[in-house]
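Novice: Please see the structure below; I have some questions.
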Amino acid sequence: MKMADRSGKIIPGQVYIEVEYDYEYEAKDRKIVIKQGERYILVKKTNDDWWQVKPDENSKAFYVPAQYVKEVTRKALMPPVKQVAGLPNNSTKIMQSLHLQRSTENVNKLPELSSFGKPSSSVQGTGLIRDANQNFGPSYNQGQTVNLSLDLTHNNGKFNNDSHSPKVSSQNRTRSFGHFPGPEFLDVEKTSFSQEQSCDSAGEGSERIHQDSESGDELSSSSTEQIRATTPPNQGRPDSPVYANLQELKISQSALPPLPGSPAIQINGEWETHKDSSGRCYYYNRGTQERTWKPPRWTRDASISKGDFQNPGDQELLSSEENYYSTSYSQSDSQCGSPPRGWSEELDERGHTLYTSDYTNEKWLKHVDDQGRQYYYSADGSRSEWELPKYNASSQQQREIIKSRSLDRRLQEPIVLTKWRHSTIVLDTNDKESPTASKPCFPENESSPSSPKHQDTASSPKDQEKYGLLNVTKIAENGKKVRKNWLSSWAVLQGSSLLFTKTQGSSTSWFGSNQSKPEFTVDLKGATIEMASKDKSSKKNVFELKTRQGTELLIQSDNDTVINDWFKVLSSTINNQAVETDEGIEEEIPDSPGIEKHDKEKEQKDPKKLRSFKVSSIDSSEQKKTKKNLKKFLTRRPTLQAVREKGYIKDQVFGSNLANLCQRENGTVPKFVKLCIEHVEEHGLDIDGIYRVSGNLAVIQKLRFAVNHDEKLDLNDSKWEDIHVITGALKMFFRELPEPLFTFNHFNDFVNAIKQEPRQRVAAVKDLIRQLPKPNQDTMQILFRHLRRVIENGEKNRMTYQSIAIVFGPTLLKPEKETGNIAVHTVYQNQIVELILLELSSIFGR
């Protein structure tokens, strides 16, 4: 069956693979065919050889060879195009007004900024801040405010700084500052994570504004204004410095952060935190390859106090084109670190931010486009929006939602929030938090995160069902028993997953802290939980958690209340989770493509260990009945000898006594030995290093398995095409004989014979061979004649008498008990085999 269409719909948030080479094989119930260029959804990387994929969400998964495919970039549904009202398609001039307000209270404190960003000592203005729409505006002090208008000319999306540089009018300058002696020019430029556009046609270095004089982080995120002082055309450097009403803003030359060259310090979704050579932190997006000095806004818990805004009407807005370029941070309050009202926020298994509606259970994912703008798309890929949908809920629904989230507010200890700047905020859970729905969102570095006003309004941690400190140990993993090792771990219950980290550290959850990656995760779907018996642990307050993957945990706490709460919450979570069928379990993993590419027959596999699901407890009466039936079965079970006598069990070929094997096959030479010798003489006499080169042990074991189970063996099959596999199996047959071809009781006699004079050696060895059992004599004769033919083709295969003797000496001749004379015995073993090969006609006749 053909698997995928090249033009299939790309589902957002999925990981896809692309086929690089054609491949086909026979599965258990169908024929798998993949073609070059086809794409599939990656379900699981099972091992290094095979990956599990499926054509679409509703199809059955199957396996493809990992070497034949490649993983492609994760696709996401592109955001809808936002048209700006009145924006012409052709090149026209669009005037913008950036309204900068200042307070007259500090008119005598404004600093003078030269064109090189060095402060003078004249006057000082109020600092710029951002409102909820990420627009620049001044801090709000009571007093008279004056608008300073900057006219910007836009041409084909680029700012022209020749003839249309934004000018500060003399009238406005005189009214605002009173003593500015000449025209000033300010260029406002857009920057993004991935590129910086130059506004200076004269080639002067760009200089960025710093928002925080203490942190020194640049405004390098998307939709950020970059303000620079330039000289108008045909004029020299201005006689007087350029002034603007900006407070505590730094202008410095800076480049993009370097590419990461070391592992990430911290990972949050697709964003990684790194340090450069000077120890300064910067941020890198794995998906979009964006780099920035400033923490991404959508990942931070930015909060403000009540006093930051006295009047919402004082917020200054950018013009329509300004909003067009800065849509990524001007849409919803969910970008401030807390989800919008009516939505709950969590991370999915791939680290994406997932929003679930509290009213409709609809799921939406957040993504960032190539320009750094945030948008949202539904989990099924049918819709994409710049903002999350808004629902009008009744007061009763809101009360139920608030009640369901009340678990997080019962914490007795203070909550510690970790900021991106690694400073902390301690919240007292007994304090009443004022509503924050109407509060605008600010960058974190607008005010010190450790200031007292943040303690009242900082957002609470991400919604979680339960978390706390527990003692935990594994007693089984993947169905195998492991040694108990009790550890104190910080446990976090997230949906159907129970996560464990080392310690609480500086966060109430494993998100946002330095230990953001959990030590291990437990899937609660299909799990069982019960109080542990005394034979499992001597500790008190211990319960046992078993997963359907075969992992067994013991969880303990000295506090009775804590352990009872955890037991109730986990029991409730397990009961509410539906057990999903794993299609990958039912699908049999095929053999390695490089070895058995054309295999048309499936090898007989060992029975799989089926996963048991504990659906309901068994009554004690049923348990007694089961034990009784098992006892009856064991007592009536026939012995192994009786089964062999009836012919139900047959001895295997490998490891069987040579005489018994020949008797069972009604001959004096094993059929497998004849089969291997005939195949080698037909196909392998001219192979370089025949018998000296080892074959693939895994394939040799498969051949051994086929021989032992009386399967129809065809050595011409493509899966046995490697001649060294055949020779390796033949050597293994003689090596695994219970008694070697030269029997134990004659070993010392053969050693004494080889020590005699050269003329007497041949006769002594010949007499000893005649004393061996008939199957040993005949098998030895056919084997040595075959090895002699191999040596006769030595010009092609480069095998000599000595090299063959080294290979077969220890295999055919060995003492019953190894002693300290192993090296001496090896010399004699090789000499005996070499003598028989040289004197073959004298010993066995022609």
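Residue numbers in this text run from 1 along the chain shown.
Cβ coordinates come from backbone N, Cα and C, glycine included.
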Novice: Looking at SER176, SER192, SER394, which residue has the phosphoserine feature per Swiss-Prot?
Specialist: SER176
Novice: Do you know which of SER201, SER222, SER332, SER507 is annotated phosphoserine by Swiss-Prot?
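Specialist: Among SER201, SER222, SER332, SER507, the residue Swiss-Prot annotates as phosphoserine is SER201.
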Novice: With Swiss-Prot open, pick whichever of THR230, THR353, THR436, THR457 is annotated phosphothreonine.
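Specialist: Among THR230, THR353, THR436, THR457, the one Swiss-Prot marks as phosphothreonine is THR230.
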Novice: Looking at SER165, SER434, SER451, which is the one Swiss-Prot tags with phosphoserine?
Specialist: SER165
Novice: Could you check Swiss-Prot and say which of TYR243, TYR282, TYR391, TYR467 is marked as phosphotyrosine?
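Specialist: Residue annotated phosphotyrosine in Swiss-Prot: TYR243.
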Novice: For the set SER169, SER213, SER447, SER621, say which residue Swiss-Prot annotates with phosphoserine.
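Specialist: Candidates were SER169, SER213, SER447, SER621; Swiss-Prot attaches phosphoserine to SER213.
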Novice: Here are some residues: SER240, SER262. Which is flagged as phosphoserine in Swiss-Prot?
Specialist: SER240
Novice: Counting each residue once, how many in the domain 'WW 2' (358-391) are helix, strand and coil under DSSP?
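Specialist: Helix (H, G, I), strand (E, B), coil: 0 helix, 13 strand, 21 coil.
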Novice: With DSSP as the yardstick, break the domain 'SH3' (12-74) down into helix, strand and coil residue counts.
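Specialist: With helix first, then strand, then coil, the domain 'SH3' (12-74) has 3 helix, 30 strand, 30 coil.
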Novice: CB neighbours of ARG692 (site 'Arginine finger') within 10 A?
Specialist: 15
